[in-house]
Amino acid sequence: MSAILHLRAETKPMEARAALTPTTVRTLVSHGFKIYVEESAQSVFEAAEYAAAGAEVVATGSWRGAPRERIIVGLKELPEEDTFPLEHTHIQFAHCYKNQSGWREVLGRFQSGGGLLYDLEFLQDDRGRRVAAFGYYAGFAGAALGLRDWAWKQTHTDAEDLPAVAPYENEQALVSEVAAACEEAYKKGARKPRVLVIGALGRCGSGAVELLRQCGLHDKHIIRWDIAETARGGPFPEIAAADIFINCIYLSQPIAPFINMELLDRPDRKLRTIVDVSADTTNPHNPVPVYNVATVFSSPTVVVPTSQGPKLSVISIDHLPSLLPREASEAFASDLLPSLLQLPERDTAPVWLRAKELFQQHCERLSKEARL
């Protein structure tokens with residue numbers, strides 16, 4: 001079976017990451033893959049970098065009319081305004097297996113076009129572990145914005161929200177800016193914040209903890225929770241008693257909410273910033289059900305409508321690793337590479353076979369629902 005990949009240009013605003021990097025393209029080409037890469041005005045990688053790695057650069061959006069045998073590779077979901085049937089095989093994060101808003105329409109496009117979806121979120125090894133994830137950099141970037149928002153509140157009035165953010169050249173540039181913002185807050189008399197991280201033992205949580213440490217917080221300031229600490233079920237008063245709460249869990253089944261408005265709407269609440277890295281905003285089982293807006297880089301926070309206590313904001317950006325697009329892309333693509341090399345045997349390779357079967361199960365679920 002052939003393996004011809006077509007990397008489409010991302011269309012989500014501020015999405016500068018890529019599922020394939022010039023580094024991984026070079027390896028794939030050396031193994032006999034044919035790679036097409038669309039020109040992209042927002043990718044952190046230049047078209048010339050891909051060309052030098054052996055890819056053929058093609059026009060933006062040309063995947064729509066590409067031969068059917070090409071596998072279309074991307075990261076984020078396709079534009080909502082597109083409704084035409086999907087006839088290609090796609091590798092991407094589709095966000096349609098957990099009853100997210102619009103899931104029926106997304107799967108319906110594949111059904112009507114005869115296409116196939118390999119959802120990146122559900123590519124798993126034999127132990128059930130994801131073969132590639134952006135979790136570490138999602139946690140790292142989320143913690144950075146959480147600290148920055150907390151520091152902003154110490155040095156600005158409640159009428160001023162955290163301003164727009166943009167991708168950073170590298171980790172050190174991000175850490176330096178956030179650490180400097182915290183120093184300004186300390187000069188104003190603020191004490192170092194106490195940060196509660198739920199999901200602290202996972203990829204995402206470890207990234208969050210590492211950022212906090214690099215910005216000068218010590219272990220006594222970082223409250224690390226995981227399955228053992230949340231086993232009793234929420235909501236948890238400890239969240240309202242922290243200065244910053246970072247949710248890093250992977251939501252795989254309904255759970256009790258971690259926090260609710262009853263705990264937040266109190267005059268003695270310390271919590272100032274919630275970072276919902278998981279960003280299950282449209283999931284009916286969102287464990288942080290105190291907001292309903294997915295925030296973006298141009299407007300990174302949304303205010304929680306409390307009537308008592310200090311101003312409280314939520315950061316719910318669903319593409320946080322884009323804050324460090326080059327490093328996040330390189331790490332993700334490197335992890336994905338071994339599975340990509342198995343694409344010529346995708347009908348028997350367990351990673352791809354499981355993903356195909358999962359797609360078929362959800363398509364059948366959609367069909368059954370339509371027959372009711």
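Glycine residues also receive a Cβ, built from the backbone N, Cα and C atoms like all the rest.
Looking up Cys248 in Swiss-Prot gives a disulphide bond to a cysteine among Cys182, Cys204, identified as Cys204.
Per Swiss-Prot, the candidate among Arg129, Arg365, Arg371 that belongs to the NAD(+) site alongside Gly202, Arg203, Asp226, Thr230, Tyr250, Val277, Ile317, Asp318, His319, Leu320 is Arg129. The L-saccharopine site recorded in Swiss-Prot includes Arg17, Gln100, Arg130, Phe134, Ser278, Ala279, Asp280, and the single candidate from Lys76, Lys153, Lys187, Lys311 that the record places there is Lys76.
Non-local neighbourhood of Val277 (NAD(+) binding site): Ala138, Gly139, Gly142, Cys204, Ala208, Ile246, Asn247, Cys248, Leu320, each in the same chain, at least six residues away, with C-beta under 8 Å from its C-beta.
In sequence order, Arg203 are the recorded positions from His95, Arg203, Thr230, Asp318 with a C-alpha within 10 Å of the C-alpha of Phe134 (L-saccharopine binding site).
Spatially close to Gln100 (L-saccharopine binding site) yet at least six residues away along the chain are Thr282, Asn283, judged by Cβ distances under 8 angstroms. Of all the binding-site residues in the list Arg130, Thr230, Ser278, the shortest Cα-Cα distance to His95 (active site, proton donor) is found for Ser278. In this structure, the C-alpha atom of Thr230 (NAD(+) binding site) lies 16 angstrom from that of Ser278 (L-saccharopine binding site). In sequence order, Glu121, Phe122, Leu123, Gln124 are the residues near Arg130 (L-saccharopine binding site), counting only same-chain partners six or more apart with C-beta under 8 A. Using CA atoms as reference points, the recorded positions Lys76, Arg129, Arg203, Asp318 were checked against Arg17 (L-saccharopine binding site), and the closest is Lys76.
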